[in-house]
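Asks: Okay, here's the structure, questions in a sec.
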Number of protein chains: 4
Amino acid sequence: MHRNSDWDKLSEECGIFGIYGAGYENISSSIYYGLTALQHRGQESAGIAAERDGKMRFHKKMGLVREVFDESILDKMEGDVAIGHVRYSTSGESYEINAQPLVVNYRKQSIALAHNGNLINAKSLREELEEKGSIFQTSTDSEVIAYLMARNYRMGLKEAVKATAGQIEGAFALLIICEGKLIGVRDPNGLRPLSVGVMEGGEYVLSSESCAFDLVGARFLRDVLPGEMVIIDENGLESVVYDKRDTKSLCSFEFVYFARPDSVIDGKSVYMSRIEAGRILAKEHPAVADIVMAVPDSGSVAALGYSQESGIPYAQGLIKNKYLGRTFIQPNQKLREQAVKLKLSVVKEVVKGRSVVLVDDSIVRGTTSARIVAMLKDAGAREIHFRVSSPPVTHSCYFGIDTPDERQLVGAVHSLESVKEIIGVDSLGYISPGGLMESIGMDRSGLCGACFSGNYPMEVPSSGGEFLFEKN
Amino acid sequence: MHRNSDWDKLSEECGIFGIYGAGYENISSSIYYGLTALQHRGQESAGIAAERDGKMRFHKKMGLVREVFDESILDKMEGDVAIGHVRYSTSGESYEINAQPLVVNYRKQSIALAHNGNLINAKSLREELEEKGSIFQTSTDSEVIAYLMARNYRMGLKEAVKATAGQIEGAFALLIICEGKLIGVRDPNGLRPLSVGVMEGGEYVLSSESCAFDLVGARFLRDVLPGEMVIIDENGLESVVYDKRDTKSLCSFEFVYFARPDSVIDGKSVYMSRIEAGRILAKEHPAVADIVMAVPDSGSVAALGYSQESGIPYAQGLIKNKYLGRTFIQPNQKLREQAVKLKLSVVKEVVKGRSVVLVDDSIVRGTTSARIVAMLKDAGAREIHFRVSSPPVTHSCYFGIDTPDERQLVGAVHSLESVKEIIGVDSLGYISPGGLMESIGMDRSGLCGACFSGNYPMEVPSSGGEFLFEKN
Amino acid sequence: MHRNSDWDKLSEECGIFGIYGAGYENISSSIYYGLTALQHRGQESAGIAAERDGKMRFHKKMGLVREVFDESILDKMEGDVAIGHVRYSTSGESYEINAQPLVVNYRKQSIALAHNGNLINAKSLREELEEKGSIFQTSTDSEVIAYLMARNYRMGLKEAVKATAGQIEGAFALLIICEGKLIGVRDPNGLRPLSVGVMEGGEYVLSSESCAFDLVGARFLRDVLPGEMVIIDENGLESVVYDKRDTKSLCSFEFVYFARPDSVIDGKSVYMSRIEAGRILAKEHPAVADIVMAVPDSGSVAALGYSQESGIPYAQGLIKNKYLGRTFIQPNQKLREQAVKLKLSVVKEVVKGRSVVLVDDSIVRGTTSARIVAMLKDAGAREIHFRVSSPPVTHSCYFGIDTPDERQLVGAVHSLESVKEIIGVDSLGYISPGGLMESIGMDRSGLCGACFSGNYPMEVPSSGGEFLFEKN
Amino acid sequence: MHRNSDWDKLSEECGIFGIYGAGYENISSSIYYGLTALQHRGQESAGIAAERDGKMRFHKKMGLVREVFDESILDKMEGDVAIGHVRYSTSGESYEINAQPLVVNYRKQSIALAHNGNLINAKSLREELEEKGSIFQTSTDSEVIAYLMARNYRMGLKEAVKATAGQIEGAFALLIICEGKLIGVRDPNGLRPLSVGVMEGGEYVLSSESCAFDLVGARFLRDVLPGEMVIIDENGLESVVYDKRDTKSLCSFEFVYFARPDSVIDGKSVYMSRIEAGRILAKEHPAVADIVMAVPDSGSVAALGYSQESGIPYAQGLIKNKYLGRTFIQPNQKLREQAVKLKLSVVKEVVKGRSVVLVDDSIVRGTTSARIVAMLKDAGAREIHFRVSSPPVTHSCYFGIDTPDERQLVGAVHSLESVKEIIGVDSLGYISPGGLMESIGMDRSGLCGACFSGNYPMEVPSSGGEFLFEKN
Ligand SMILES: Nc1ncnc2c1ncn2[C@@H]1O[C@H](COP(=O)(O)OP(=O)(O)O)[C@@H](O)[C@H]1O
Ligand SMILES: Nc1ncnc2c1ncn2[C@@H]1O[C@H](COP(=O)(O)OP(=O)(O)O)[C@@H](O)[C@H]1O
Ligand SMILES: Nc1ncnc2c1ncn2[C@@H]1O[C@H](COP(=O)(O)OP(=O)(O)O)[C@@H](O)[C@H]1O
Ligand SMILES: Nc1ncnc2c1ncn2[C@@H]1O[C@H](COP(=O)(O)OP(=O)(O)O)[C@@H](O)[C@H]1O
Ligand code: SF4
Ligand code: SF4
Ligand code: SF4
Ligand code: SF4
Ligand SMILES: [Mg+2]
Ligand SMILES: [Mg+2]
Ligand SMILES: [Mg+2]
Ligand SMILES: [Mg+2]
């Protein structure tokens with residue numbers, strides 16, 4: 001979906017997917033299907049790189065996976081190993097040149113990289129590299145990583161990856177093709193998910209989310225661990241723990257919003273965590289109401305949980321248009337007010353005269369929430385009790401998630417009471433940080449919640465979460 | 001979504017949308033938004049025709065509304081009156097030339113037509129017209145209607161429309177621009193829906209479904225009646241009842257499957273009818289189970305109703321991929337078996353070890369149902385109780401809905417018991433015809449249910465439901 | 001080349017090409033190559049229709065032949081008989097819907113038509129047909145012809161074509177596919193060319209110009225005669241003379257400008273006629289000068305002839321950019337003056353200080369000629385003697401050639417002396433009508449020269465040469 | 001034109017064009033027009049980069065200039081300084097990623113580069129850079145140059161360019177935007193041309209060929225000298241001679257074939273040099289014949305010279321199709337033989353029964369020449385005397401021109417006598433090396449003629465002229 005500037009969500013940045021399978025036919029088609037299952041993680045650009053016999057082929061472009069590729073392109077992309085990437089650009093403008101995977105050549109090697117996450121030391125690394133004569137053609141962290149790989153390469157491939165992983169800080173789930181091998185790396189905090197699957201023929205698959213395994217005929221094996229890298233080649237999968245600290249901080253918003261409900265991350269079902277969050281929310285912020293309904297699709301599962309716990313019947317009072325997309329023409333000024341109506345519409349019979357519990361996953365700017373509430377009131381809702389399955393977002397994310405400037409975070413600059421009024425609801429309840437942790441079933445030390453707690457799992461730059469290299 | 005040949009649904013054919021508003025700015029943009037809200041009624045082609053000062057402009061093409069139009073095209077399409085159309089082609093192949101609206105020139109008049117439905121006497125009308133020297137460039141009924149209009153035109157516009165409406169038989173909701181007026185016609189049986197809305201400025205809007213009014217700033221006024229035509233011009237809306245028989249037969253599948261839940265048709269909420277159908281289904285075919293879940297999206301509301309009536313908790317055990325589309329590459333033979341997995345995937349934690357009530361809107365061929373059931377069993381479902389919110393589809397539709405040959409209708413050629421086995425479920429229950437009528441709240445005389453009862457509201461050709469002019 | 005409004009030429013409308021060859025492989029590819037050789041006759045749209053086993057396939061679109069077709073489209077267009085068309089639209093705006101071939105369905109027959117020329121009674125025929133209930137979807141004459149064919153069809157195919165050819169007046173070279181046969185018709189005056197070729201395997205080919213035969217492996221057989229139709233099927237070629245009047249009036253501008261120099265029309269080489277015209281021009285309007293040069297490409301051959309006769313050396317003082325095209329962005333106001341420089345540039349070393357004979361094929365508006373002359377003067381030409389290988393264009397063409405309104409024809413509203421001044425040359429000489437006829441080697445009765453003589457070969461409408469159906 | 005593998009010419013690689021004009025409106029449009037005039041130097045990709053206020057915008061893609069840009073793209077590309085590039089890829093496959101200008105970021109600077117030529121030490125420079133940790137995303141020399149610029153940048157811009165120009169060896173005409181300045185550099189041998197123009201407003205223009213000045217309203221000022229760099233900013237043009245050796249070796253094939261006839265290079269008119277070459281050829285290899293004709297377009301001017309000297313009349317016996325292009329579908333095997341007929345066709349009336357002098361600019365593989373000769377013989381030519389306005393091509397070019405492997409150069413592996421037989425002509429004559437030098441009017445020391453003499457102006461790698469980095 002093309003996001004107009006006041007859309008009201010955090011934005012995921014990327015999904016990555018890779019397969020190692022010597023002689024595997026149609027490897028690029030399988031990457032294509034895998035990326036389709038990860039499309040919710042990024043809709044602006046898509047790309048695939050595939051290698052066979054030292055020859056790297058790649059194709060990447062702005063657009064959805066199904067728009068970027070057609071059969072004739074896939075047919076040309078044979079490979080024994082392949083990786084793919086979907087991207088949601090974090091800057092207002094976005095450029096083809098930033099599409100991934102990034103393919104670089106270095107000493108007779110072609111290296112392909114696909115990265116999900118954000119490095120907090122990219123800027124200083126970049127400056128250092130520029131000091132030493134590096135030039136940059138994109139504004140992606142991947143290019144920084146590629147340089148480090150090149151500089152470390154004389155150590156041999158495995159040591160080079162280890163050294164590189166040690167130099168970069170922040171969030172990264174990384175897929176690399178080099179020397180015909182498939183390498184997966186997860187950052188020491190495990191901020192971004194990465195899991196391993198295996199096909200019937202023994203081919204290994206790496207994916208941002210487990211929901212992509214089934215449709216390529218793979219089954220989930222395990223998660224890549226924080227601080228672990230896996231190297232897959234004809235000898236199978238080798239695991240190297242390159243960082244032994246025990247500092248796990250998986251992004252809790254993967255459960256709240258980003259990941260698909262049918263994924264399992266680090267052992268926890270996303271669906272179940274959302275049901276649980278809804279239940280806890282019902283306990284923490286009960287309401288007297290006629291129905292529970294969600295802002296679809298992201299609020300649906302938590303709303304079900306709220307309904308189960310509270311006993312208030314669940315209804316589908318909002319319908320989401322399935323046919324908007326990147327190329328959808330946004331309404332001009334005159335029709336701007338009703339932009340939200342193009343995306344969501346009310347089932348009047350459900351809400352008319354009713355007292356409604358409305359569940360959404362999060363409130364970021366609050367603008368969209370306010371418009372949805374207005375729509376429901378127009379449709380005759382008697383009372384609206386807004387329930388949010390994450391705590392108030394108050395801080396910028398530095399780990400690969402697009403957050404507005406902190407001054408635009410309604411939860412950061414307004415009290416609960418004023419947010420309630422801004423949004424126009426009769427009551428407002430956010431899940432507590434503890435409740436959210438409980439819903440995920442990991443304890444606080446295992447999860448990142450910095451965007452609502454301010455407790456970043458590592459030191460972050462003081463100046464704010466803007467992205468660093470937006471120049472070209 | 002690109003339908004591969006064994007997809008398992010009836011297919012709607014068209015949605016139509018029109019606005020009359022002298023001096024109304026951005027009329028084509030509003031048609032664009034209206035069509036987006038009707039996109040579920042047809043995803044193969046889209047088109048808009050707009051007239052101002054006797055000059056008709058039109059643009060139509062294969063693709064989704066958002067793919068067919070861009071801002072520069074809309075900007076050029078000024079008009080005081082405009083109509084639009086989305087189409088799902090009923091033949092395996094589909095052609096740009098059949099896209100609508102159809103624009104023809106006749107004696108210094110340009111006439112634009114958009115048609116939802118199917119004429120049962122199109123073939124004989126066409127032959128008659130060809131006898132008299134007419135030639136056809138498309139295989140659409142609209143071209144037949146245009147010819148009749150031309151032949152009747154000497155009577156004056158209003159009489160010509162009346163005469164034409166009297167000559168054609170079958171299902172039709174029709175929008176026409178002629179002499180700068182907007183005309184809407186609904187067939188005497190009211191098989192296809194058509195409703196009237198009005199904007200704040202007094203502009204009239206005609207739409208296949210009421211769900212499209214809100215987002216163009218219009219509110220629902222009333223339905224066009226079976227056998228009624230409305231003529232809208234600078235003098236307002238004139239109603240002409242051109243057929244006084246009292247023979248209403250609204251398509252019951254609009255409620256079961258085609259229409260969006262947030263639409264109201266002939267006074268009845270689609271959402272409420274689906275809830276009701278689910279409830280009745282629960283009474284007619286109770287089950288002992290752990291959860292109720294739907295085949296999304298079409299089965300969701302009925303599943304909720306089933307859950308409410310039975311008290312069995314509702315869950316979202318299947319996730320539907322939102323990013324497939326017309327240009328999505330279907331898997332080749334090798335992966336064909338798992339095609340359904342690209343569209344739907346299971347939340348294993350929901351179904352594992354559970355006894356499941358699975359609700360879908362209909363069973364047509366049964367192929368997809370069988371695959372979904374297999375997927376659920378693979379995921380560990382203990383028992384599956386399949387419940388269907390429409391009776392077994394046993395007959396072809398002649399009224400604008402794409403049904404497979406009767407020999408491919410699993411409900412027509414197999415007993416309930418064998419269907420149960422073919423699909424692989426532990427129990428199978430269809431709603432009764434009476435139950436369905438009750439859910440809609442109209443009595444049997446007001447609804448068409450021919451595809452499950454064989455009682456066609458008019459005499460139909462004996463040879464089968466194939467479409468007539470598939471030649472070019 | 002995209003023609004900006006002040007470009008200074010008559011514009012050809014169409015080229016047509018057809019093949020009959022039962023079992024011939026790649027028939028559509030051969031049409032594609034044939035059309036490429038006729039591309040100079042029309043660059044706005046291209047189309048092909050091919051029939052096999054009663055199944056008509058067609059594809060047409062705005063653009064050059066190479067832009068409209070790709071291999072996958074051609075591969076799908078199998079046929080035993082096929083026709084193609086290239087079109088230069090005569091109205092300022094041009095529409096995809098007017099692209100040809102036109103395919104219509106009539107009583108289980110698909111008929112495909114491709115037409116080069118213009119009917120002078122199209123308007124009255126159209127009105128008559130509308131009287132009888134016909135409707136029109138395009139503004140092409142072809143649709144009128146298709147209707148007449150349909151109305152006459154009960155007579156049997158051959159008689160229907162004869163009757164139709166008898167009803168239409170004006171200029172037409174026509175290709176028709178019907179009942180699996182390939183039919184070619186040329187108007188009784190033979191205004192537009194049409195010739196027959198034959199391949200090694202005996203397959204017949206019809207083409208607007210003979211230059212297209214060689215590259216599909218065919219050799220020239222003969223021209224279709226004025227008033228003749230040829231019907232080609234598995235029995236070979238049957239000739240029917242449907243009009244016995246002896247009234248030949250081949251368009252003399254085919255020799256002057258439209259046709260390719262390597263074509264032979266009605267027995268006369270275009271190249272040789274241009275050489276001859278140049279020679280005669282040298283005799284009629286000698287000049288004392290240093291060099292002879294042409295406005296390329298159309299003036300080149302006549303310039304050679306002028307050089308040969310006069311003994312003044314030939315030079316290439318103007319270079320024409322080969323890479324402009326339909327999608328080339330025309331310069332805005334500021335750069336408008338130098339628009340001609342984008343198309344043509346001067347070889348300064350050739351013209352500097354020289355007295356130049358400049359040969360062009362025709363002067364229409366005179367605007368471009370004036371700009372070219374200015375360019376040459378800027379480059380230092382001492383004297384310019386403009387020689388034109390056609391007489392002054394003074395009247396509109398009604399036979400398929402786009403001429404500006406007569407008030408814009410510089411030769412119609414200004415004396416020779418003032419044209420000389422408007423264009424800014426030192427002397428100006430047009431070939432005489434008699435000289436032109438002599439160059440072609442047909443006598444006056446065999447050629448049309450109405451646009452410079454006013455003697456139309458048939459009665460034409462009094463109101464002017466506008467095109468008739470520009471409405472939609 | 002899409003070159004099929006056996007096309008028979010050397011291939012130019014690039015054209016470059018730049019403007020410096022603070023506050024100049026429509027700078028990118030002017031680059032667009034300039035590139036259109038240089039399109040003959042490269043038809044595979046085109047690109048423009050424009051800078052204003054430190055913000056670099058660029059757009060580049062596969063295709064002709066007119067295909068790559070539309071008005072909305074140009075409108076967005078404002079700048080005070082801009083450069084453009086057209087490219088003919090030298091490898092069989094060609095990639096979007098190699099399109100130029102290359103834009104890199106380095107220490108808060110964006111640098112844009114456009115390069116025409118080829119570096120002979122690119123491989124070793126690249127290896128050295130890789131040693132030091134550089135990575136490469138393209139296979140272009142420009143990326144090597146960009147790295148060197150970055151490494152030298154601490155010296156200050158001017159010194160950095162000087163140092164870089166000193167490190168690279170081979171052929172280069174280079175345009176750079178950096179720090180808002182426009183920089184042009186020509187290699188010490190001046191192998192590739194580069195000239196300076198100036199507009200009325202004083203804006204400077206740099207162009208590969210002078211033919212592009214006129215149409216942007218500029219006039220030719222002077223050539224950039226071998227070993228010179230020019231730096232243009234708000235203070236005007238500063239000239240720096242970075243290499244003082246006196247070693248000029250301008251590519252003689254610029255005159256023979258690459259450059260447009262209306263260009264002047266290093267003081268010599270291309271047109272005049274070709275006339276002269278034709279004259280000398282007539283003296284060196286006279287023939288008794290009826291007509292002189294050219295293989296168009298490249299042989300035309302020399303043929304005119306031959307005609308003038310010999311007194312044998314000039315004729316246009318071959319017509320070249322103007323509408324083939326990059327997307328033209330090459331004929332399949334069956335029609336392969338006649339591929340040349342799609343491009344060229346014979347005016348039979350000209351050649352039939354005649355003894356013909358046929359002039360072409362060069363013979364490379366000889367395959368096309370043989371086919372053209374066969375075509376002429378088929379058309380009835382009595383005798384064919386082939387005359388070539390360059391000496392036999394016997395060696396690979398290392399300076400930016402695509403030459404086949406030496407074993408494919410017919411002139412390298414066969415005697416004159418056998419080439420005559422292979423091509424099938426009655427006599428064959430190449431201009432002598434001395435004659436060619438004389439035609440250009442520079443002495444041997446000022447021109448490169450290595451591809452026919454083997455005397456390279458610098459030491460070249462021994463292994464052959466393949467391009468170095470074709471990997472990705
Ligand atoms: N096919 C799906 N069905 C249900 N939920 C989905 C599906 N795909 C993604 N989701 C979930 O919904 C979220 C997106 O929610 P949605 O409301 O559609 O978008 P947004 O809130 O960005 O407008 C995803 O991050 C994921 O958790
Ligand atoms: N945005 C929406 N939200 C919920 N239901 C919808 C929406 N749009 C359409 N529908 C309903 O879902 C049906 C389509 O169901 P779905 O299951 O998505 O497609 P299919 O069954 O054809 O694969 C529509 O006919 C309509 O009843
Ligand atoms: N390939 C060709 N070579 C030489 N002449 C051609 C060629 N193709 C067409 N012509 C001739 O040139 C005319 C077009 O002339 P040209 O000067 O290029 O166009 P215009 O005058 O419309 O700008 C054609 O009508 C034809 O007579
Ligand atoms: N517009 C033009 N008119 C005449 N000659 C041109 C023109 N443009 C380029 N040329 C010359 O013709 C050469 C291209 O010759 P041509 O025969 O058309 O191509 P090729 O030989 O590659 O098929 C150019 O390199 C240049 O010298
Ligand atoms: S700050 Fe928030 S969004 Fe960012 S990684 Fe942590 S929990 Fe996730
Ligand atoms: S036959 Fe079925 S699908 Fe057709 S109109 Fe009647 S109820 Fe609707
Ligand atoms: S009027 Fe002129 S252009 Fe028209 S057909 Fe006659 S000669 Fe040709
Ligand atoms: S080797 Fe030949 S083509 Fe290359 S630069 Fe020298 S003269 Fe030119
Ligand atoms: Mg949401
Ligand atoms: Mg469904
Ligand atoms: Mg011309
Ligand atoms: Mg050539």
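Even glycines carry a Cβ here, placed using N, Cα and C.
Here's the feature list from TrEMBL:
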type	residues	note
ACT_SITE	C:C14	active site, nucleophile
BINDING	C:C251, C:C397, C:C448, C:C451	[4Fe-4S] cluster binding site
BINDING	C:S298, C:D360, C:D361	Mg(2+) binding site
DOMAIN	C:14-235	domain 'Glutamine amidotransferase type-2'
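Explain the structural surroundings of these features, please.
Replies: Taking Cβ-Cβ distances under 8 Å and a sequence separation of 6 or more, the neighbours of C:C14 (active site, nucleophile) in its chain are C:R41, C:G42, C:H85, C:V86, C:R87, C:Y88, C:Q100, C:A114, C:H115, C:N116, C:G117, C:S208, C:G400.
DSSP assigns C:C451 ([4Fe-4S] cluster binding site) to a helical segment in the three-state reduction.
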Asks: Same chain only, sequence gap of 6 or more: which residues have a CB within under 8 Å of the CB of C:C251 ([4Fe-4S] cluster binding site)?
Replies: C:A171, C:L191, C:R192, C:P193, C:F258, C:F399, C:I401, C:L447, C:C448
Asks: I'd like to know which of these binding-site residues, C:C397, C:C448, is least surrounded, judged by other CB atoms within 10 A.
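Replies: Relative to the other binding-site residues in C:C397, C:C448, C:C397 has the fewest Cβ atoms within 10 Å.
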Asks: Taking the mean position of the Cβ atoms of C:C251, C:C397, C:C448, C:C451 as the [4Fe-4S] cluster site, which residues outside that list, in the same chain, have a Cβ no more than 8 Å away, listed in sequence order?
Replies: C:L191, C:S252, C:F253, C:F399, C:I401, C:G449, C:A450
Asks: May I ask for the distance between C:S298 (Mg(2+) binding site) and C:C451 ([4Fe-4S] cluster binding site), taken between their Cα atoms and rounded to an integer number of Å?
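Replies: Cα of C:S298 (Mg(2+) binding site) to Cα of C:C451 ([4Fe-4S] cluster binding site) measures 18 Å after rounding.
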Asks: In this structure, which of the binding-site residues C:S298, C:D360, C:D361, C:C451 has the fewest other Cβ atoms within 10 Å of its Cβ?
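Replies: Taking C:S298, C:D360, C:D361, C:C451 as the binding-site residues, the minimal 10 Å Cβ count falls on C:S298.
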Asks: Can you list which of these recorded positions (C:C14, C:S298, C:D360, C:D361) have a Cβ closer than 6 Å to ligand 7?
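Replies: What lies within reach of ligand 7, judged by Cβ under 6 Å, is none of the recorded positions.
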Asks: Using C-alpha atoms only, work out the spacing between C:C451 ([4Fe-4S] cluster binding site) and C:D361 (Mg(2+) binding site) and round it to an integer in Å.
Replies: 14
Asks: I'm trying to understand the geometry here, so how far is the Cα atom of C:D361 (Mg(2+) binding site) from the Cα atom of C:C397 ([4Fe-4S] cluster binding site), in Å to the nearest whole number?
Replies: 17
Asks: Note the mean pLDDT of the domain 'Glutamine amidotransferase type-2' (C:14-235), expressed as a whole number.
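Replies: 93, rounded to a whole number.
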Asks: C-alpha of C:C397 ([4Fe-4S] cluster binding site) to C-alpha of C:D360 (Mg(2+) binding site): distance in Å?
Replies: 20
